[in-house]
Each structure stands twice: as structure tokens, then as C-alpha cells.
Amino acid sequence: MHRPDFGKLAVFFGTSDADWTQSERRFLLSIAYTQAVLGFTNFLFAGIILWSFTDGEAKLVDATSPKTTAIVFWLLALCYAYALRPPSGGSRIYVSSSPTVKHLPAMRRLAACRPSANVEIGLSHTVVIVCQTYLAQLMASTLTQGGVATTYGAMVVLNATVTPIFLFTKSVRSKRLLLDLLDAFLSFTLTIGISFVVFLLPLFEHQFFTGWGDNHPCEWYASYLGAIRIFLVMPPLQLASTVVPNLVVVLSLRQTLLTLRTMPIKLPSALTTVAPSSQHSISSREVRRASVTLSSLMHGTRDEWRKRFTLDQTDMRFLVTIFAFNVAWGLAVLGLVLRAFYTPRACPSHCLASSLPWMSDGCSCIYARLQCTVENTTIDVDSFLTSHALGTNVLILKTVGCRAPPTRNVMAFPHLFRLDIEFSNMTSWDVGQLPPSLRMVVLRYNNLKSIPPVLQAPGDALRVLHFIGAPVGDIPGAIWVNWTQLTTLWLSDTQMTRIPDVIASLTSLEDLVLSTNRITALPPSLVQLATLRRLAVDSNPIATFPQALLEAKPQLTLVLDHTLIATIPNSAAVRAAIVSGAVQLHATPFCATPAGASFASGACSPTCSSTCSTLHWRDNYCDPSCYSLPCAFDGGDCTIV
């Protein structure tokens with residue numbers, strides 16, 4: 001009777017090399033190669049996204065040094081590429097009698113201070129577990145994708161409770177290889193697999209393949225703002241908790257690939273011919289033989305496990321301590337994950353997205369939207385938007401169709417990122433101050449006659465201000481000078497008649513939208529806005545093409561739809577901008593001329609109505625100018641109004 005071949009288990013539990021066949025070795029290599037390639041792609045893309053951030057985008061998400069973080073990510077990508085590099089000098093290692101670096105006195109002293117292999121393996125695994133736990137609790141409290149955060153925590157538990165068992169294998173080489181493989185797989189899944197598929201690819205698409213008019217709705221920020229802060233924008237501690245596990249993954253993959261490339265290969269055994277009669281009849285003797293074989297297999301497996309594991313280890317007390325610490329840590333994380341997942345949160349119906357933090361029992365709302373109907377427009381908004389009902393983790397607050405705006409409880413949300421008030425009848429907004437965390441304020445279609453005092457001097461934290469559909473008229477220069485920190489400013493449908501020269505003081509401004517006003521000319525001071533990238537003055541009675549502005553800023557995106565421009569200058573820069581699509585002239589008198597007909601498929605393509613600019617159609621905002629049957633009711637943007 002032949003005993004089962006446990007040679008392949010030796011690579012995990014034993015003292016000898018495994019004799020994998022060529023196809024099996026290729027399978028393992030393909031898994032390792034896939035991890036390395038995806039790791040390289042993940043950090044390459046992450047670095048590209050961060051490097052492409054403008055100053056305004058970086059300030060909006062509090063990225064203090066995106067270029068530096070991008071370089072760190074690219075270095076990690078190079079590390080993954082290095083893991084794929086074949087070993088130099090062939091696959092065999094020869095012992096040289098000549099002196100090498102390791103024979104230098106300094107290297108000998110360093111080797112003497114180096115801890116034992118068991119200490120190194122145990123400590124490195126524990127450090128990885130701690131880093132993974134930090135990221136897991138951060139995801140649990142931030143992400144609105146509860147399933148993703150819970151899966152992340154469950155894999156941390158698995159890595160903490162199961163992997164330490166292999167600290168007690170007899171072979172140090174097998175121990176290191178197995179723990180490296182498991183750490184590499186779990187760390188890869190946690191720090192790369194989840195983030196790359198669920199978050200990074202959609203963020204890459206939004207960053208490079210969406211237009212200016214595709215304003216990110218509140219739902220987008222609720223889904224991806226937390227991911228941006230976890231996987232892209234990182235303070236030093238968080239960056240270290242990402243770098244350390246990935247360096248462990250790289251070293252593990254490198255060692256695994258070297259082992260798989262140099263291990264012995266088992267040749268396929270010869271095929272055995274089976275007599276036709278044996279395929280149709282099984283004798284009782286053969287049944288008894290199979291039973292004996294199965295019993296022997298079970299005893300053999302138990303014996304092999306006893307041979308592969310031992311409690312007679314170097315630094316045994318340390319290993320037991322590390323094992324107990326890892327298991328206790330994993331069980332504690334398991335308790336927190338289960339508690340967070342199964343605890344009833346009782347979030348109100350106007351909380352549309354929430355997270356599952358480990359240390360909190362109540363509602364942890366991330367995005368709250370209160371929509372008032374015709375029957376309840378006079379409700380007390382503040383009574384619905386309280387930290388008691390929603391928790392303190394709210395990032396986005398939005399009210400639609402309510403008569404009064406929130407006033408009393410805005411400061412109750414210390415992490416508030418965005419505040420939207422749409423289609424309100426408010427005539428004043430008497431809020432004393434705004435949270436220092438607030439980066440975006442969107443006020444659309446109300447009865448305000450002037451800029452609210454809290455927005456006249458909002459402080460340095462506010463980056464984006466949308467003030468649309470309120471008859472405030474021309475804004476005093478004293479207010480403009482308090483908006484120098486803004487990177488995006490929308491003042492549409494406000495009955496403005498001119499752009500003041502003081503706008504030149506907005507040195508951080510990148511996007512300026514002044515649609516549907518009474519502006520007749522663009523001032524020369526716009527040229528002084530060094531960071532200006534996009535300007536929209538559509539639906540204004542502007543009759544002269546801003547040639548000087550475009551020639552001074554050839555990369556500027558300029559929207560001139562529904563203006564009175566009838567001719568364009570005979571300038572190469574102007575024509576190049578129109579041909580490239582950087583300048584839009586839809587529904588202008590110029591488009592009705594023979595010269596404009598040549599741009600009928602681009603800058604002069606037809607619009608859905610005489611009032612709806614292409615910039616505002618299907619821009620994730622409900623625009624009354626586009627709310628018509630020919631425009632498909634703003635392409636579906638008005639479903640919640």
C-alpha cells in the first residue's frame with residue numbers, strides 16, 4: 001500500500017522543498033505575478049490621480065502635499081515592479097571564497113545584533129496586523145459602503161487569528177514562506193484589491209473622463225470623499241500604515257517568486273492503463289482496500305501534522321506571547337466588527353448614507369437630505385437635523401424645498417464638508433458661524449436680496465461657493481476681497497450687471513461661473529487671475545468676443561453660449577480654441593453665420609432650447625432654464641424637486 005504523497009505540503013509545513021509539477025508551479029507564479037502587476041497598477045494610478053490635482057482640488061480635500069504622496073505611491077509601484085524582476089546571475093547560488101560585503105566588520109556587527117528568525121517573523125506579522133487594524137477602523141467610521149468596511153475587518157480578523165498558527169512550524173524557511181504568502185495575500189486584498197476595484201478605478205474615471213459640467217452631486221461625495229481621504233489623501237501616520245503593509249507584500253512576493261523560480265520540478269508520472277472491465281465492476285475486496293487506504297490517509301495526515309509542527313522553538317516564550325497577542329487582538333477586532341454590524345442604528349429616513357463605526361452605537365449618518373413636500377414646507381428644519389438623530393459624523397447636509405434653512409444646529413456637526421440649501425423661500429440666513437471643516441456651500445434658488453453675513457466673510461476654510469438664483473444684484477467690493485480663498489465661485493442668475501476689477505484679488509480662483517446675468521463685457525482684470533482654468537458667462541448680453549483674455553490664457557475653457565457674439569476675431573489662437581472645444585458658442589448669432597456653420601458639430605452644435613446652456617444641462621443640478629420637454633426636464637436632474 002502506497003502512502004499519500006505529502007511533499008507538496010512541505011512547502012507550507014515541512015522541512016524539505018516541494019516537488020511541484022511545471023503546471024502547478026506556473027499556477028502559483030501566475031497568482032504572484034497577478035498580485036505584483038495589480039499592485040504596480042494601483043499605485044501608478046493613485047500617483048497619477050494625486051499628481052493631476054490642481055491646487056484647488058487639493059485644498060478642497062485637505063491634501064497638504066499631493067505631489068509628495070504621489071511620489072511615495074510611485075516608489076511603491078516601482079517596488080512592485082522590482083518584485084517581478086528575475087534574479088540576476090541565474091537561478092543557482094554558488095558559495096564564493098572571496099570576501100563579500102557581509103564579511104565587512106560593520107556588517108558582521110549588524111548581523112550579530114540581528115534578532116532570531118522567529119523574532120523577526122513574529123514582529124513583522126504583528127506590525128502588519130496593527131497597520132491593517134488602523135485602516136479597518138478608519139474605513140468603518142468613514143465609508144458608506146458598510147459591506148466593504150465589514151469585509152475589510154473580517155479579513156483583518158482572519159489574518160490575526162489563523163496566520164499565527166504557522167509560527168510553530170518546524171522549518172524556519174517554510175514558516176517564513178507561509179507567513180509571507182498569507183500576509184502578502186491578505187495585505188494585498190485589503191490595501192489594494194478593495195481600494196483599486198471599488199474606489200480607485202471610479203475616481204480615475206471621474207478625474208480624467210468627466211466634463212466640467214458634470215458637477216459631483218451629494219451622493220458622489222458621500223460615496224467617494226471618505227475613500228479619497230483614506231486611499232489618496234493621507235496624513236503621515238495613515239501614509240505609514242499604508243506603506244508598511246505594502247512593503248511587506250513586496251518583500252513577500254519577491255521571496256515567493258524567487259522560491260517558485262528555483263524549486264525542483266516534478267516530472268509528470270506515466271499514465272496508467274485501466275482495463276475496461278474494471279470500470280464497470282467493483283469487488284468487495286476493492287471496497288475494503290479503499291477503506292483501509294482512507295483510514296491510513298487520515299492517520300498519515302495526523303502524523304504529518306505532528307511532524308510539521310513543534311513547540312520546541314527558539315525564543316519559544318516570545319512566540320507564545322506573539323501568538324496570544326495576535327489571537328486576542330483578532331478576537332477583539334472580531335467583537336468590534338460584529339458589534340458594529342449587528343447593532344441597530346435607528347437612523348432617520350432622511351439619512352441616505354451612513355457608516356458603521358466600531359466605537360459607536362447610534363446613527364452615524366454621512367449624508368442627510370431633508371426634502372420638504374407641499375404639505376410640510378413649514379416644518380422646523382433644525383428639529384430634523386440634530387446630532388442626536390444623525391450623529392456627529394455628518395459630512396453632507398442638504399435641504400430641498402423647505403421654507404426656512406437650517407440655522408441652530410449647523411455647528412453640531414464638526415466634520416461637515418458640504419451644505420446645500422435648494423429651492424427655499426428664505427429671505428435671510430441668520431446663522432452665526434459655520435463649522436471650520438466646511439469646504440462647500442451651495443445656495444440655489446431662494447429669495448435672498450443680499451449675501452448672508454456669514455458668507456460675506458466666511459473664513460479661510462471655505463473653498464467652493466455656489467450662489468444661484470437669488471436677486472442680490474452687484475456684490476460690493478468689500479465682499480469680494482473676503483473671498484480670496486475660494487477656488488470655485490458660481491454667481492449665476494443673480495442679476496449682476498458687471499464684474500468688478502477687485503476680482504483680481506481672488507488669486508486662488510480656478511472656476512468662475514457667472515451664467516444668466518446682465519453682464520455686457522469682461523474686464524481686463526480677469527487676465528490677472530493666474531490660476532483661472534474655466535470661465536462661464538453664458539446667457540449674458542455680451543457682444544464682443546474676449547480675444548485678449550483667450551490669447552493671454554490659451555488653455556482657458558470658455559463658455560459663451562446664448563450670448564450676443566456675432567463675429568470672432570481672425571486669430572489663430574481663437575480658432576484653435578474653438579476647434580478644440582475649449583470655447584463654446586452654442587446658440588449665438590455667430591453660429592447662424594456661414595463661418596459658424598463650419599463648427600456645427602462642435603462649438604455651434606444645436607441646443608435643446610433657447611434658454612438651456614450645454615453647461616447646465618444634465619449637470620446634476622436641477623436648472624429651471626432646462627426644465628422643459630425638449631430638454632427632457634433637464635435630463636432627469638429634477639427628480640427630487
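Using the three backbone atoms N, Cα and C, a Cβ is placed for every residue, glycine included.
Mean pLDDT, taken over the domain 'LNR' (606-638), works out to 89 on the 0 to 100 scale. Taken from TrEMBL, the feature domain 'LNR' covers 606-638.
Beyond the transmembrane segment (27-53), the same-chain residues lying 6 or more positions past its ends with a Cβ under 8 Å from any Cβ of the stretch are 20, 63, 66-67, 69-71, 73-74, 76-77, 80-81, 83-84, 184-185, 188, 192-193, 195-196, 200-201, 203-204, 207-208, 231-233, 246, 249-250, 253, 256-257, 260-261. Positions annotated as transmembrane segment by TrEMBL: 27-53 (among others).
Annotation comment: TrEMBL describes 65-84 (among others) as transmembrane segment. Long-range contacts of the transmembrane segment (65-84) within the same chain, counting only residues at least 6 positions beyond its ends with a Cβ under 8 Å from a Cβ of the stretch, are 33, 36-37, 39-44, 46-48, 50-51, 53, 58, 232-234, 239, 243, 246-247, 250, 253-254, 257.
The feature transmembrane segment is assigned by TrEMBL to 117-137 (among others).
Residues annotated as transmembrane segment in TrEMBL: 149-169 (among others).
As annotated by TrEMBL, transmembrane segment applies to 181-204 (among others).
Taken from TrEMBL, the feature transmembrane segment applies to 224-253 (among others). Note on the transmembrane segment (224-253): residues 32, 35-36, 39, 43, 46, 49-50, 61-63, 66, 69, 72, 76, 79-80, 82-83, 124, 127-128, 131-132, 134-135, 138-139, 142-144, 180-181, 183-184, 187-188, 190-192, 195, 198-200, 202-203, 206, 355, 366, 395, 417 of its chain, located 6 or more positions outside it, place their CB under 8 angstroms from a CB of the stretch.
Sequence-distant contacts of the transmembrane segment (318-342) (same chain, six or more residues past either end, CB-CB distance under 8 Å): 118-119, 122-123, 125-126, 129-130, 133, 136-137, 140, 146, 150, 153-154, 156-161, 163-165, 167-168, 356-359. What TrEMBL records for 318-342 (among others) is transmembrane segment.
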Could you count the residues of the domain 'LNR' (606-638) that DSSP puts in helix, in strand and in coil?
7 helix, 0 strand, 26 coil
